[in-house]
Amino acid sequence: MESQRWLPLESNPDFTRQLGVLPSWQFGDVFGMDPELLSMVPRPVCSILLLFPVTEKYGTFRQEEESKIKSMGQEVSPQVYFMKQTISNACGTVGLIHALANNQDKLEFEANSAIKQFLDRSSDMTPEEKAKYLEKDESIRVTHESSAQEGQTETPSLDEKVDLHFITFVNIDGHLYELDGRKPFPINHGQTSTDTFLEDAVEICKKFMERDPGELRFTVVALSKA
């Protein structure tokens, strides 16, 4: 249940710097899905964020997918950091937390930065407890709202109804996971590797686009080694 509302956040790579992530890894746009354009993305890639429109077709697919997983089950590594989203319009920040939390072995953080403190303190919490902890984290909220205002041509409204949503893809223990704070659990999309992760994640992104061929509001962002 969403009990708070933040300003909607656009795709703003500077947000990571503001949170205290050092620039050894950086976010950059993926400009297309064909091999030639993917070859332009710096490697290695440790996470992919997908911004997509929440449509009726997606809602139907999501219900079917969740029912199938609940019926058949799936394996989820205990190493996956997953949190729920209880704050309206916070999907960009939750998506970013998922990307950073699941790659702490690669990333560097400023000492005592807001994001490092959040990750350290929330590591052993349940997905629901992590969500509640984020609700109380003023440092991350202030950084989110500052970035939301910087990243847009018009100042957004807290009452604005947003039909775009961020999700994250990561490689944990050789498996490709989709992390969406509005879903009850991570989605295990099968095997992947450091070398094939970008292409494997893009294949899942393509399925989102194929479900809504009339939609153009898709953005793919890669967290790559600088």
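Count begins at 1; order follows the chain as displayed.
Positions of Cβ are set from backbone N, Cα and C atoms, glycine also.
Features of the protein shown, as given by TrEMBL:
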DOMAIN    5-225  domain 'UCH catalytic'
SITE      Gln85  site 'Transition state stabilizer'
ACT_SITE  Cys91  active site, nucleophile
REGION    136-157  region 'Disordered'
COMPBIAS  145-156  compositional bias 'Polar residues'
ACT_SITE  His165  active site, proton donor
Looking only at the domain 'UCH catalytic' (5-225), report the model's average pLDDT.
89
Between Gln85 (site 'Transition state stabilizer') and the residue listed as 'active site, nucleophile', what is the CA-CA distance rounded to a whole number of Å?
7
Residue pair the residue listed as 'active site, nucleophile', His165 (active site, proton donor) - Cα distance, angstrom, rounded:
6
